[in-house]
Amino acid sequence: MASTFFIKNNGDSAFPKKGHSLATSKRKNDEDLGGNSKGRAKKPNSKHNEEISSESETESTAEQNEREGEDEFDETPQEKKLRLAKVYLDQLREEEEKKAEQVSFETELVAGRLQEELVSIFQLSLLAPDASEIRVLRGHQLPVTCLVISPDEKFIFSGSKDCSIIKWDIETGKKLHTIKGGRKGTEARHGGHTTQVLCMAISSDGKYLASGDMNRAIIIWEPDTCKQLYKLKGHRGAVSALSFRTGSHDLYSGSHDRSVKVWNVDENAYVETLFGHQDAITGLDCLSRERCVTAGGRDNTVRVWKITEESQLVFHGHGGSIDCIQLINEEHMITGSDDGSVSVWSVNKKKPLSTVKVAHGSFGEAGLEQPHWVASVAALQNSDTVASGSDNSEVHVWACGQGFRSLQPLFSVPVPGFINSLEFSTSGKFLVAGVGQEHRLGRWWRQKEAKNGIYIIPLKRRSAQQEEPPATE
């Protein structure tokens, strides 16, 4: 029987001829149709199909962009009015923002000038105290490592390597209460610390006193009665730094385990742990914002921890171990290092704004001099007056220059021994130094002639008559 074939106009058979497989016919048809026959899947392994697919996508994308371009110009009168109205509103908003920025800049400029004038007046009015005016309070058997002043400036609380805490009356200089230290291993039955007390903090309302020790414990006390309220545990290393957030009972703690912990003292509760430092934390401070600053010892960094944002800023020092830190205000801080330098930082700059190298001099033979370590720093909050302490038997009081870009010495106060802790009173009427025969974190040197105690240094100011220039005829 003869075979019947259906022939297309192009002369090709619509069905496979004899001697041709079905697959061969399909490839032929695909090639004739440019590989775009509808309803047929392309072979994924075919290089020819891949090239055709890419060209097809490019062509379809170009056609789509062309159609979108046509749609953009095809807008109704109402849509055009709406678009122009939005443009006009954006212009008005930009103009208002520029005006607000200008007003804010002018306000900050005036406020900055007024603050600089007030600060300069305060600095110029400070006088170095006479040695006879400095009071010394003795009661600790071993070096004083830390201290705090009560918000009402009536009491001082001091901690020591002898594991004890003493409450002092500032006016009379008498001991009001002593929390004796116990032996290591008697924590269960002893009501106080059983290892060296390294740090202390008091809340801004005077309701809570916190102390940390070498045994990883944080103890919360009632300042009025010196009664123990509870212990906070969680650190895996010595608790080396404590600070309450101003206006709250949030407590920040730094440890040799390289972590910062946040606590809610009202609830006797742990909140969270912050990691980042590569070495033991040696100092910590905070003010009213939900953030704190820390010194990382030999990792040579200062970190600003933004609690709510769950982020941190890292600042690198010049070298050495950064052993102490204090906030001057919410934007600036001061640090001391074992390379002898004192630095002022801004939270907006990665490097110090100003640094005084070998701030407390050096010791040793010629050519082998070593700087005196800076063991403590303090700042009179929201002013430009700061202080630093070392083992060179002097407390240096400094004035920060304009924009905190320089440090100028005001005067020095003779205080023999290691100055392990410094704190200004809130009013700026006096400065308190905690002194010992040894450094608070170790026993590298010992000054036998020094006395373990508290030094209260009055900050005198010139009287109005002294400040007035002499009259000229």
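Indices start at 1 and increase along the chain as displayed.
Placement of Cβ uses the backbone N, Cα and C atoms for every residue, glycine included.
Nobody curates TrEMBL annotations by hand; they come from automatic prediction.
Now, the feature entries from TrEMBL:
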COMPBIAS  1-12  compositional bias 'Polar residues'
REGION    1-77  region 'Disordered'
REPEAT    137-178  repeat 'WD'
REPEAT    190-231  repeat 'WD'
REPEAT    232-273  repeat 'WD'
REPEAT    274-315  repeat 'WD'
REPEAT    315-355  repeat 'WD'
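Per DSSP, the repeat 'WD' (274-315) is made up of 0 helix, 22 strand, 20 coil. Segment contact is absent for the repeat 'WD' (190-231) and the repeat 'WD' (274-315), given fewer than three CB pairs below 8 angstroms at sequence separation of 6 or more. Remark: secondary structure over the repeat 'WD' (190-231) totals 0 helix, 21 strand, 21 coil, with classes taken from DSSP.
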